[in-house]
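Engineer: Please read through the structure below; I'll follow up with questions.
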Amino acid sequence: MKKTIFQQLFLSVCALTVALPCSAQSPETSGKEFTLEQLMPGGKEFYNFYPEYVVGLQWMGDNYVFIEGDDLVFNKANGKSAQTTRFSAADLNALMPEGCKFQTTDAFPSFRTLDAGRGQVVLFTQRGLVGFDMLARKVTYLFDTNEETASLDFSPVGDRVAYVRNHNLYIARGGKLGEGMSRAIAVTIDGAETLVYGQAVHQREFGIEKGTFWSPKGSCLAFYRMDQSMVKPTPIVDYHPLEAESKPLYYPMAGTPSHHVTVGIYHLATGKTVYLQTGEPKEKFLTNLSWSPDENILYVAEVNRAQNECKVNAYDAETGRFVRTLFVETDKHYVEPLHPLTFLPGSNNQFIWQSRRDGWNHLYLYDTTGRLIRQVTKGEWEVTNFAGFDPKGTRLYFESTEASPLERHFYCIDIKGGKTKDLTPESGMHRTQLSPDGSAIIDIFQSPTVPRKVTVTNIGKGSYTLLEAKNPDTGYAMPEIRTGTIMAADGQTPLYYKLTMPLHFDPAKKYPVIVYVYGGPHAQLVTKTWRSSVGGWDIYMAQKGYAVFTVDSRGSANRGAAFEQVIHRRLGQTEMADQMCGVDFLKSQSWVDADRIGVHGWSYGGFMTTNLMLTHGDVFKVGVAGGPVIDWNRYEIMYGERYFDAPQENPEGYDAANLLKRAGDLKGRLMLIHGAIDPVVVWQHSLLFLDACVKARTYPDYYVYPSHEHNVMGPDRVHLYETITRYFTDHL
């Protein structure tokens with residue numbers, strides 16, 4: 001196949017690629033071998049080999065709570081030891097009204113603490129929701145629920161819940177058993193398939209995870225209203241009924257009309273709803289809604305359709321009128337606000353804003369006139385989670401990649417700026433929860449050699465270890481896991497990789513290698529977590545004599561804007577160049593059988609897998625592409641146009657990434673897998689690729705999961721990976 005100029009350039013760079021010194025986890029070659037039922041989520045024995053964890057661990061004021069056996073455990077965080085109060089399912093049953101007993105008393109129900117009341121929890125039972133006051137030890141209210149109830153959102157004080165049923169939005173107040181939902185207020189009444197209230201919008205991009213937003217005191221509820229009538233529906237077919245049923249999916253594809261979103265505010269005291277006067281154009285993205293502490297203003301980060309401009313606007317909550325634009329952010333590639341405003345404790349006019357304006361995600365202090373007071377954090381690293389403030393509101397707490405892109409540590413910094421202080425210096429991945437008053441943290445820690453360690457730290461006063469998980473792999477054979485860096489195709493950017501070696505590795509032998517690929521934004525596959533972030537299937541294939549290699553190419557997450565945005569308007573090109581540098585590294589290893597290299601990936605990784613098989617069929621013998629994007633014209637607007645621009649603006653980029661036009665280039669064995677009811681990468685993608693292959697006289701293999709969406713989850717995931725395993729063992 002004729003090489004493009006771009007391919008010739010990156011191949012010459014990759015020829016000079018050498019791996020920098022790597023580290024390795026020593027293998028344990030003696031012991032039993034794993035099964036897929038033990039290694040894959042959904043497997044019958046998966047949780048026997050999953051590092052032990054603390055169930056339901058979360059803060060309740062300055063106390064932390066979790067489930068242990070059939071007890072809810074309530075501990076005071078004092079930095080030294082656990083002061084434990086226990087409350088069992090049997091104790092709870094004794095307090096429940098007649099007719100609301102749990103069907104079993106051998107386990108405490110799942111729960112969540114509420115933002116305000118320090119002793120308030122909501123219990124999720126088989127009959128509905130139970131409000132429970134831990135301190136007073138009494139049931140405070142009940143909500144009946146059913147399978148039609150969705151998108152539950154509790155008010156800050158926990159006495160009301162917003163929910164969606166049949167596309168309409170309701171607010172219910174807890175009452176006696178059987179009265180909860182029947183006493184609900186209908187906030188909207190005209191909901192339909194094409195007019196949806198209270199749900200996440202814009203395909204859940206821009207950090208949008210829900211569609212309702214309570215004001216701080218619970219007196220108002222902001223909500224999304226999404227008109228989809230201008231979007232042409234895509235059919236999703238359920239084949240289980242005797243006569244198959246088609247349901248419309250309102251999926252706005254790149255370059256086509258988008259849905260129109262507005263924001264309403266319901267005032268509980270008056271029963272009145274006002275809509276924000278967001279004006280024209282209607283095709284824009286209303287993201288990251290946040291309330292002022294006094295409930296008078298609702299702030300919205302508004303992104304234009306081109307996604308190169310973000311305006312942070314203020315609206316009057318009483319009238320819906322536009323008040324002011326606080327500031328505007330622009331970027332020649334794209335903007336992507338992911339976080340709402342976070343106000344300083346006790347302040348109604350100063351807040352923290354997260355932005356990548358200097359090339360890295362950092363924290364900025366603003367006032368509500370739009371004046372930038374200062375940039376608080378700085379450096380060539382990313383803030384990955386802003387946790388909150390200390391009790392005085394003078395210090396900020398956050399997680400970041402400052403120590404390494406492979407790690408997350410918990411830091412504090414004075415709000416006036418200065419040096420950061422690492423409060424979790426142990427090398428690895430720290431996932432933290434800051435207590436509501438900012439005085440303590442729960443630190444859930446993993447490293448390549450630490451399965452899980454849970455520590456409760458009273459900041460500045462001491463720590464208490466709640467859990468040190470044992471190695472769940474003891475007694476089983478484990479392959480060697482190597483990690484290190486290679487150079488990207490630009491010759492100057494280091495890329496992190498992980499390499500799972502074949503079990504019982506003999507350097508004198510030759511082994512096949514499978515490249516597991518994703519490569520796109522918002523994903524990082526190589527981290528310093530348990531087993532060096534190696535997945536169960538990698539270990540399973542190592543048992544069968546395969547090596548599995550993964551490299552986070554440019555375009556992937558947590559390495560800054562320039563690292564990610566290099567793919568803009570040309571998806572699949574830079575990522576593929578970097579993946580081929582990884583292949584060159586593999587070929588430089590004496591033990592690699594260069595004639596037996598395979599590739600596997602899902603979603604964006606499915607696109608990459610198919611692309612690699614079509615472009616480098618002389619290198620990759622076998623590929624398995626799951627849920628693949630085949631033609632970006634048929635992907636949704638929010639993600640697709642962010643990274644590609646609209647098809648009308650970038651026809652060359654869309655054309656270069658359109659794999660339908662290259663079906664005739666298939667040389668090796670390629671199996672495509674798709675969920676028949678996939679709402680993310682619609683089934684149309686792989687079906688049309690099959691049709692293109694028929695016309696081109698090429699012969700991929702194909703597997704469909706009729707009952708699954710974008711990912712095959714639950715027990716069927718074991719079946720999925722047995723299918724993938726058989727394909728590689730048969731053909732590679």
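Quick reminder: no glycine exception, Cβ is built from N, Cα and C everywhere.
This is the feature table in Swiss-Prot:
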- 1-24: signal peptide (SIGNAL)
- Ser603: active site, charge relay system (ACT_SITE)
- Asp678: active site, charge relay system (ACT_SITE)
- His710: active site, charge relay system (ACT_SITE)
Engineer: So how many other Cβ atoms are close to Ser603 (active site, charge relay system), meaning within 10 Å of its Cβ?
Structural biologist: 20
Engineer: Looking at Cβ-Cβ distances, which residues of the chain lie under 8 angstroms from Asp678 (active site, charge relay system) while being 6 or more apart from it?
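Structural biologist: Residues satisfying the criterion: Gly627, His708, Glu709, His710.
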Engineer: Across all the protein chains here, work out how many other Cβ atoms are within 10 Å of the Cβ of His710 (active site, charge relay system).
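Structural biologist: The answer is 17 other Cβ atoms.
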